[in-house]
Amino acid sequence: MCPEQPHDTRAERDEMSEQTQQAAQPAETAAYDVRAIQDKWLPVWERLDPFRADDSSPREKKYALTMFPYPSGDLHMGHAEVTALHDVVARYWWQRGYEVLNPMGWDSFGLPAENAAIRNDEHPATYTYANIETQYESFKRYAVSFDWSRRLHTSDPEYYRWTQWLFLKFRERGLAYRKSSPVNWCPNDQTVLANEQVVDGRCERCGAEVTKRELTQWYFKITDYAQELLDRLDDLEPTWPARVVTAQRNWIGRSEGAHVDFVVDGRDEPITVYTTRPDTIFGTTFMVVAVDSPLAAELVTDAQRPAFEAYREEIRKETEIERLSTDRPKTGVDLGVTATNPVTGTQIPVWATDYVLADYGTGAVMGVPGGDQRDWEFATEMGLDIVRTTQTPEGFDGEAYHGEGPAINSPAPGADAPLDINGLPVDEAKRATIEFLEQQGTGAGAVNFRLRDWLLSRQRYWGVPIPIIHCDACGEVAVPYDQLPLELPELRGADLKPKGVSPLAAAEEWVNVACPECGGAATRDSDTMDTFVDSSWYFLRYCSPDYTEGPFDVEKAKAWMPADIYVGGVEHAVLHLLYARFFTKVLRDMGMLEVDEPFAAQLNQGIVINQGKKMSKSLGNGVSLGDQLAEFGVDAVRVTLVFAGPPEDDIDWADVSPAGALRFLQRAWRLSGDVTSEAGTPAAGGDVALRRVTARTVHDAAELIESYRFNVMVARVMELVNATRKAIDGAPGPADPAVREATETVAILLSLVAPYVAEEMWERLGHEPTVARVGWPEVDPALLVEEQVTAVVQIQGKVRARLEVAPDISEADLEQLAMADPAVVRAIDGRPVRKVIVRAPKLVNVVV
């Protein structure tokens, strides 16, 4: 299946709109009790349990995965959309004869539960598990084909035992480590944030302005896998949404350039900077160092220290977004030292500034004002030299120029330098400069990544405790594996209020322990893990949720993985999806997985909006899923969401009609009561025209589902309902076997989007439940061969006649037939024919 399919054409949308109107017109009044049908079939499905995946089944396996929800309140319209779309695929695979794993669980650690516990003076588990049960009952009523035997919650100790186990295994491989560094700090939630959780300088969760704080934190070394994470995106490109692949490529941010060593007065070790344009080194007229970096504090002279410290305090009050703003004046302080340009040998000043960040490389950047706009502005502000090293295009009237062109001033005319790259294009100039640096031992070619290691420590309570003990004598000591899970102590209400350190730090009985190695006094690590750690492997636990010997049964994971489709929002493109890919690769290298990627294909749904805007309480445009289900029923809401448009498009609830969907379902349901032939009657002797419509619908539905054009699939079912109603009310009548075949096909196809009405139809047609597992309708290939097609005859571009012809008619015969048609003869009206263009069997174009 491939998500990258073209959207429906305007003609298709118009056709679908027409079909909706036709299918929604009831031919008669009939009793159709939505609530009674739902109440009838839900307990039957619970008893039959038709969607329990059998690990030992000999059938080919499919893994249908949707992103598990956070348990905050009941399900909303977004949940309804994603699960309705996802369920089309899962139910389709069951009908096609696959053994399908379609599990569900809850991402149940996180801040909302902790904040609710503070407000309500309770334990976070109270809020969490109450909401889980509410959502669980709603999912069941919504009739999603989940295998509930595999249900999991990431906040259960039997789950997070294995999250802790994985952390320790990563640590043993050098992939989990602790360091002190400036981190993103949310002053509202009083916790650190990973780079990916900062959007435009603000906390993605609460919107507070993010500040920097120096803390010792735990990290996952995701950068060890940066190149592979990037390279394997090529494999995912055919089956993942293009915008997700692009977002991950940009986030990983691979660039090729060079490390260049600058010797600084009074310092034994050179300062190494990374640049993507080593060819511009002749234009390096200064060096800038992040003002809040340890390097700046080390380099500053005593004479400049007062000015430096005052400037540093001023900058510490600024947010990262303010520091990186392109429209603010550049500021800085001369550190009073110079560095030596390794190519020209000239001395250049070293400045501290706010527009370089401490966590970028070494925190130092070579200033090339002729090729970088920020450097240009800084040099202009501080009165520093500006030297262009790349020839600008004719007519260029800008400031810094970073584009292509021959090297100039490299070296400057008359200058004596050991390297001359003047006249070389950029790529050749870069190579020549790197070769020189490597020969001189003052630099080397290098690859750099924008991706930074994953900061996973959080200073909150409701998360996975980090299984590390700190001992003055032994250092960091892992909690022994046989003592996992390390469970959270019982804290509630005011005990959880943010204090800048984790609430666990105040749980003295829990935090103070004996060192497992020496037996001396020690303390537990009081931070908890980022909840994205929990969700980076949950899809593997689904393969064997009750397994007690490891995080998952390796053999069962081998049978089910990778997930064949993963459905969820695009907002997780560079967070959850990147982290899950990282975990999969580490587990593969540990010998626990055989796959390189966790998700073979991915589908991103749009969002449900209302009146052209995202739903919000402040705008008063919210739509309650519960109200919609109560008024129109589950099936009508599901059909509305699936039929609204391509899955990746947003749905404006003001523009769709659950009432129209309900009328369509009533019309489909009536068919099952009007069929008079017995169940099991062979269809072979039935009306051929209707059988052709049925066969074509089944054939098209399969292709449309596999290309994620679910909305068009629903339109085809609407067409079949109309054709069947016409056959019942006219010829060949309700007793014709083709009418039964068509109606049974409607029920099977509707089981993918409207399971309640489909089950009711199936029973009324004389069958036992469940229609969801009867199998895909078989199609006689002969019925797909058209007996006649319509050929259009145009004269001067205007349609003058339509002819019913055989699909294999020759161009000569079609031309002869068209030219003899009375309407064509009248339209030509004796004028000489200049040209006849024939495209058999569909078109004849006459030019007079």
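Heads up, the Cβ atoms here are built off N, Cα and C, so glycines get one too.
Predicted, not measured: the structure shown is a model, and the values here were computed from it.
Note: K617 (ATP binding site) has no non-local neighbours, i.e. no same-chain residues 6+ apart with C-beta under 8 A of its own C-beta. Secondary structure at K617 (ATP binding site), as computed by DSSP, is coil. Look at Swiss-Prot and you will find K617 tagged as ATP binding site.
The compositional bias 'Basic and acidic residues' annotation in Swiss-Prot covers 1-16.
As annotated by Swiss-Prot, compositional bias 'Low complexity' applies to 18-30.
Residues or ranges marked as region 'Disordered' in Swiss-Prot: 1-30.
Positions annotated as motif ''HIGH' region' by Swiss-Prot: 69-79. On the 0 to 100 pLDDT scale, the motif ''HIGH' region' (69-79) averages 95 in the predicted structure.
The motif ''KMSKS' region' annotation in Swiss-Prot covers 614-618. For the motif ''KMSKS' region' (614-618), the list of distant contacts is 77, 607-608: same-chain residues at least six beyond its ends, Cβ to Cβ under 8 Å.
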